[in-house]
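Asker: Quick one: the structure is below, questions incoming.
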Amino acid sequence: MYIVIMGAGRIGTLVARMLESEGHDVAIIEMNRERAREISEYISGLVIEGDATDQKVLENANIKNANAFAALTGKDDANILACILAKHLNPNIMTILRITDPGKKKIFEDVKELKTYFDIVVSPEDIAANYIFRTLVTPGFNRVLLPREGAEIIQFQIDEDCEVAGKPVKELNLPKDSLIIAVYDEKGNLTIPSGDTIIPKKGQVIIFAKNSALQEVKKIMEKKKKEQ
């Protein structure tokens, strides 16, 4: 398959790398010049610096011959517009829309007319909600195995002795094939993290990681502070 991805953020990058590892052809459209240059070092496919809500940019990504288009930025409005434009240019393309607002997601699932433009609607909260459910119904549960993807979703307990406690996500230096999908503080409050999110001194961190990255992720997340 040939897949065009909008957004070279944490999610877009991880999806692109996973698709390429399965033998698919990938193109990424990214507005930020530095980010576009950086991501070109990690994927073998086409990287286009530009706005995916611009018809010419989508055409440069060969959208008319693509099998799927995934709008994965953190901006709902831009994702929506890009999916509509992709469908207009290629009526047979499968569109995947990322929505950060869970309330909007249900609208896209329930309104029949919207399904013309959006084949699949996903949100980071879906993954977190599924994890919460599994935790509640399965005593002692702290990981989800994803054999088809060659990956796991795993929970790490955080306390004041952990090296990562109090640090922003962007400073953890996690491997490329991993992604923090949820952070809980000691009161159980959920945060879908960005790079600036601070790891709590007490709580849990939920991470998606490919098997090749698991050991490095565990090493980072389980490291304790050196005694003074």
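Cβ coordinates come from backbone N, Cα and C, glycine included.
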Asker: Name the one residue among Asp51, Asp54, Asp110 that Swiss-Prot lists for the same NAD(+) site as Gly7, Ala8, Gly9, Arg10, Ile11, Glu30, Thr73, Gly74, Arg98.
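Answerer: Swiss-Prot names Asp51 for this NAD(+) site.
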Asker: Rank the binding-site residues Gly9, Gly74 by the number of other Cβ atoms within 10 Å of each Cβ, and give the residue at the low end.
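Answerer: Ranked by other Cβ atoms within 10 Å, the binding-site residues Gly9, Gly74 bottom out at Gly74.
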Asker: With the cut-off set at 10 Å between Cβ atoms, which of these binding-site residues ends up with the most neighbours? Options: Gly7, Ile11, Asp51.
Answerer: Gly7
